[in-house]
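A quick write-up on the structure given underneath.
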Amino acid sequence: MSTVVSEGRNGGNERYSPQDDVSKELPDINGLSLEETMGIPSFDRLPSPTPRYFGSCKWFNVSKGYGFVIDDNTGEDLFVHQSNLNMQGFRSLDEGERVSYYIQERSNGKGKEAYAVSGEVEGQGLKGSRIHPLGRKKAVSLRCFRCGKFATHKAKGCPNVKTDAKVCYTCGSEEHVSSVCPERRRKHRPEQVAAEEAEAARLAQEEADRSSPEENERKDGKLVEQKETETADKAGK
């Protein structure tokens with residue numbers, strides 16, 4: 001590399017080298033953590049103080065975003081956090097997935113952790129877990145106890161029932177509630193309903209027979225016979 005001699009500010013000669021400009025442009029990342037160097041391009045970073053290690057994922061909790069990898073050389077369990085995974089979107093590891101990484105001491109002093117985790121080839125993306133947790137904001141269908149429909153609204157703000165009175169959410173009637181709704185009973189317990197209806201019909205028929213003229217005459221005839229028998233018994237005594 002050539003060196004140029006130029007006149008300095010005080011009239012003296014100064015030695016200039018293009019390497020001087022390069023050294024001025026490179027950021028000083030000595031003593032910075034991994035998170036603090038995330039904004040610095042990878043080609044400007046200093047080489048890692050540790051060699052690249054290889055291992056496989058032991059387990060990974062996709063809901064909490066952390067897990068452990070087993071190092072191939074030592075068999076040691078190394079903590080791994082989702083923020084240190086080289087992948088886009090939802091970051092996770094699949095059980096048994098092959099990975100490469102660097103090792104450093106954890107900031108809380110509880111063992112070692114793997115960082116800059118990628119595929120077996122450094123910089124290669126990870127496959128990730130096949131399991132994704134449900135989003136907290138995902139719409140959940142609930143049973144509205146006013147209109148009876150499965151929807152995202154609750155009974156208090158039901159848009160389908162305009163009245164303030166209690167209604168049956170099975171058939172929509174205002175005359176009864178769902179617990180005694182005949183439609184619900186017929187739908188969910190057909191055998192029991194059929195037995196109850198048969199018993200009710202039998203009782204109604206007995207009541208009708210008791211009130212019919214034929215039944216009254218039959219009862220009157222039995223009373224007459226009973227009185228005659230009682231009279232004959234008294235006369236015989």
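Using N, Cα and C of the backbone, Cβ positions are placed for all residues, glycine too.
Sequence annotations record features per position, and here Swiss-Prot assigns domain 'CSD' to 52-120. If you look up Swiss-Prot, you'll see 143-160, 166-183 marked as zinc finger, on the strength of sequence analysis. Taken from Swiss-Prot, the feature Zn(2+) 1 binding site covers C144, C147, H153, C158. Per Swiss-Prot, the feature Zn(2+) 2 binding site maps to C168, C171, H176, C181.
Put simply, of the binding-site residues C168, C171, H176, C181, the one whose Cα is nearest the Cα of C158 (Zn(2+) 1 binding site) is C168. The zinc finger (166-183) scores a mean pLDDT of 74 in the predicted structure. The Cβ of H153 (Zn(2+) 1 binding site) has 14 other Cβ atoms within 10 Å, all protein chains considered.
Using Cα positions, the member of the binding-site residues C144, C147, H153 nearest to H176 (Zn(2+) 2 binding site) is identified as C147. A gap of 8 Å separates the Cα atoms of C147 (Zn(2+) 1 binding site) and C168 (Zn(2+) 2 binding site).
Counting residues of the domain 'CSD' (52-120) by DSSP class, helix then strand then coil, yields 3 helix, 36 strand, 30 coil. Within 10 Å of the C-beta of C147 (Zn(2+) 1 binding site) we count 17 further C-beta atoms, all protein chains included. Annotated pair C181 (Zn(2+) 2 binding site) and H153 (Zn(2+) 1 binding site), C-alpha to C-alpha distance, rounded: 23 Å. Counting residues per DSSP class in helix, strand and coil order gives 5 helix, 0 strand, 13 coil for the zinc finger (166-183). Between C171 (Zn(2+) 2 binding site) and C144 (Zn(2+) 1 binding site), the C-alpha separation comes to 13 Å. Candidate binding-site residues: C144, C171. Fewest other C-beta atoms within 10 angstroms, C171.
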